[in-house]
Amino acid sequence: SIDGMEDALLVLILTASDTAWLEAKDHTEEHAEAANEAATAYSIAYADYWDYVINFYEFENFDDTTLKRRFELQAKPGTTVLSQDKQQQLNSDISKMNSFSFNKVCPYNKPDCNLEKQGMTMVQLELELATNRNEELLSYYWEQYRDTAGAPTKQYFVDYVKLMNEAATSEYNGFKDAGEMWLQPYVVPSQNYMADAFKSDVEELWQNIKGLYGKLFGYVRYRIRNGGTYHYLFAEKSPMPAHILGNMWAQSWENIYDLVTPYPDVYLLNITEVLQENIDNVTTMFKYAEDFFVSTGLYKLTDDYWNKSMFVQPEGKQAVCHASAWDFLSTKKPQTDGDYRVKMCTEKTQSDFITLHHEMGHTQYQMAYSLVPEKRKTQSLIFRDGANPGFHEAIGDTIALSVSTPDHLLGVCNAMTQDKCPFGSELKEEDDEEEIERQRNINQLMKTALDKIAFIPYAYILDKFRWDVFAGKVHVDEYNYHWWELRVQVQGLKPPVLREKDSDFDPGCKYHVANNVPYIRYFVSYILQFQFHEKLCSVMDDVEDTNTTIFLCDIYNSTAAGAHLKSLLTRGNSASWTDQLGDFLYDNGTVGYMDSQAILDYFKPLEEFLDQQIKEHNIQLEWDDDVEKYFVIHIPATVPIIVGIVLAVMIAIVVIAYFVGKSRQKKKKKESQEQGQGADNSGLEMGEK
């Protein structure tokens with residue numbers, strides 16, 4: 001039965017999770033091998049159970065809709081269709097790609113360092129890109145990161161693509177390629193909403209947001225070019241160099257907020273200094289995040305969360321610092337005693353304070369769908385997941401939209417300092433309070449846009465790149481060229497140094513590429529979170545004196561908002577995401593789809609500001625999208641030989657011409673002397689010169 005299948009597979013899932021957790025906290029070859037073996041064992045077992053259970057029944061005719069959905073979600077076996085040897089090879093390829101992220105590079109001022117003793121980790125390089133303003137240093141680390149963690153992954157990526165496509169196009173899956181297989185969580189067959197329809201929606205959403213991105217891009221480029229830090233780097237209509245935007249991948253520009261602040265004299269609260277001066281342990285930051293969720297009626301975290309999580313990087317060990325939330329699928333009292341964990345190398349910064357709310361959002365979702373609503377029994381294993389991957393990412397970010405509001409951060413600051421927050425908003429007597437507030441709002445929206453709007457095209461192209469690769473639209477020798485083709489043409493960003501089309505593989509240094517994680521979920525989440533936020537703010541009528549302006553709305557302490565959110569979270573993957581979204585947004589049975597209007601409404605005041613700036617300063621919004629100029633041009637081996645022969649012939653002609661000319665000159669000089677001394681010959685002399 002399908003229940004027996006889930007019970008048997010759960011044991012293997014937990015073994016795979018335990019070994020993967022150990023490998024993530026302490027990366028060694030031994031731990032990586034154990035994790036690969038456990039993952040392969042699960043895949044092989046799943047393939048057997050799939051054949052005996054899922055493939056055996058004609059579930060299309062089931063009357064029980066819940067049972068039918070459990071089968072439908074597993075109708076395709078995915079990569080488990082591969083043979084045992086190929087399963088092991090696929091897991092090995094992914095593990096090897098990920099292993100390069102643990103490499104080290106020499107510091108900028110010590111290029112010949114002892115890597116073991118003085119080498120910098122990839123995490124340290126990311127911090128340099130986020131905080132340093134030395135352009136040459138940034139360019140050095142940008143290139144080193146890609147040479148060390150990107151280029152070496154390519155050989156494994158090529159093999160990985162072949163195996164993924166082999167699985168996707170197998171008889172039991174029947175997909176065109178692995179890209180189509182990746183999109184199955186978004187497909188709703190009952191509504192005839194298939195992969196092509198989803199991709200069409202993504203394209204339409206991007207086109208709707210593209211105009212706002214272009215205005216933000218033009219403004220940022222203008223401010224940087226007219227500032228004192230990087231003004232010499234690029235022309236008025238040039239793409240922006242990717243290494244100066246405060247992020248290793250230039251996927252978020254929030255770290256250069258100080259370079260482009262609309263109103264520099266109007267301070268925007270940042271609690272980094274408060275965190276560093278007022279808390280001893282980063283777990284305090286997680287306690288504040290827990291308080292936010294509990295204040296809305298959501299869940300108090302379990303003992304295992306506090307006892308088993310990795311909150312900081314372990315000393316003396318190589319850990320995967322990419323933040324993630326883990327669900328160990330407890331079946332006994334999962335909402336009070338379940339095993340949930342977070343893995344994060346947390347720093348005492350405002351950025352990490354907001355990030356950990358995102359990660360805790362995953363955990364709250366996992367806790368919510370662990371039990372069947374009302375029946376209080378453990379949820380089916382296949383339903384213990386988000387309605388689609390984008391839902392899972394959107395939940396925490398929805399909360400982060402509240403957490404990042406100035407009033408909420410001020411409240412956190414005051415709580416940590418006993419109402420003595422050093423960054424209050426005191427006004428001078430002559431200040432126009434209303435104007436100052438307007439300027440602060442624009443600053444706040446700008447900072448948020450540098451994170452959210454700047455990210456959307458990156459989230460759009462990372463999987464667009466991989467879809468094209470899986471579809472065979474890009475030759476293996478031009479993977480890196482196609483990557484920069486998308487980055488230049490869609491994002492308006494260029495590499496700081498010339499790239500190679502073949503030997504470089506810049507997307508390979510991205511965690512999600514190396515670890516086989518589809519990325520379109522983040523694009524989806526950046527649309528959904530604004531739809532979620534708008535809805536939650538509309539139902540929070542239980543909090544007095546709350547600011548209803550959408551970009552200042554904070555659902556902290558609103559149990560009404562929390563209850564409405566919980567009604568979504570508890571359903572997990574038990575119903576289609578379109579039905580769940582419709583129920584959440586409309587409450588009338590209407591099917592829900594992604595809509596860009598909420599995000600555009602959120603940033604409307606900022607867009608009006610950008611329009612005014614563009615008009616006032618004649619800011620250019622276009623950029624040169626010729627990608628060829630950013631790649632090394634290789635001259636064929638035969639060309640130097642041909643050029644050498646041509647040069648030799650030209651030199652010979654010049655030499656011969658020289659001696660012929662000298663001979664003629666002597667002859668003319670002799671004739672002139674014979675005609676008479678002292679004759680005016682200025683014309684001849686001028687001609688000779």
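Numbering starts at 1 and runs along the chain as displayed.
Using the three backbone atoms N, Cα and C, a Cβ is placed for every residue, glycine included.
Keep in mind that TrEMBL annotations are predicted by a computer and have not been checked by a curator.
Note that the coordinates shown come from a computational prediction; the quantities given were computed from them, not determined experimentally.
Residues or ranges marked as disulfide bond by TrEMBL: Cys321-Cys345, Cys537-Cys553. Per TrEMBL, the feature Zn(2+) 1 binding site maps to His358, His362, Glu393. The Zn(2+) 2 binding site annotation in TrEMBL covers His358, His362, Glu393. TrEMBL lists Glu359 with the feature active site, proton acceptor 1. Annotation comment: TrEMBL describes Glu359 as active site, proton acceptor 2. According to TrEMBL, the active site, proton donor 1 annotation covers His512. The active site, proton donor 2 feature in TrEMBL is assigned to His512.
A map of TrEMBL features onto the structure.
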residue	record	contacts (Cβ under 8 Å, 6+ apart)
Cys321	disulfide bond	Val123, Gln313, Met344, Cys345
His358	Zn(2+) 1 binding site	Ala323, Glu393, Gly396, Asp397, Ile399, Ala400
Glu359	active site, proton acceptor 1	Ala323, Ser324, Ala325, Val342, Met344, Gly396
His362	Zn(2+) 1 binding site	Ser324, Ala325, His392, Ile395, Gly396
His512	active site, proton donor 1	Leu462, Pro518, Tyr519
Enumerate the residues of the same chain, His358, His362, Glu393 excluded, that satisfy the criterion Cβ within 8 A of the mean position of the Cβ atoms of the recorded Zn(2+) 2 site; list them in sequence order.
Ala325, Glu359, Gly361, His392, Ala394, Ile395, Gly396, Asp397, Ser525
Would you mind checking how many other C-beta atoms are within 10 angstroms of the C-beta on Cys345 (disulfide bond)?
17
Taking the Cβ of Glu393 (Zn(2+) 1 binding site) as centre, how many other Cβ atoms lie within 10 Å?
24
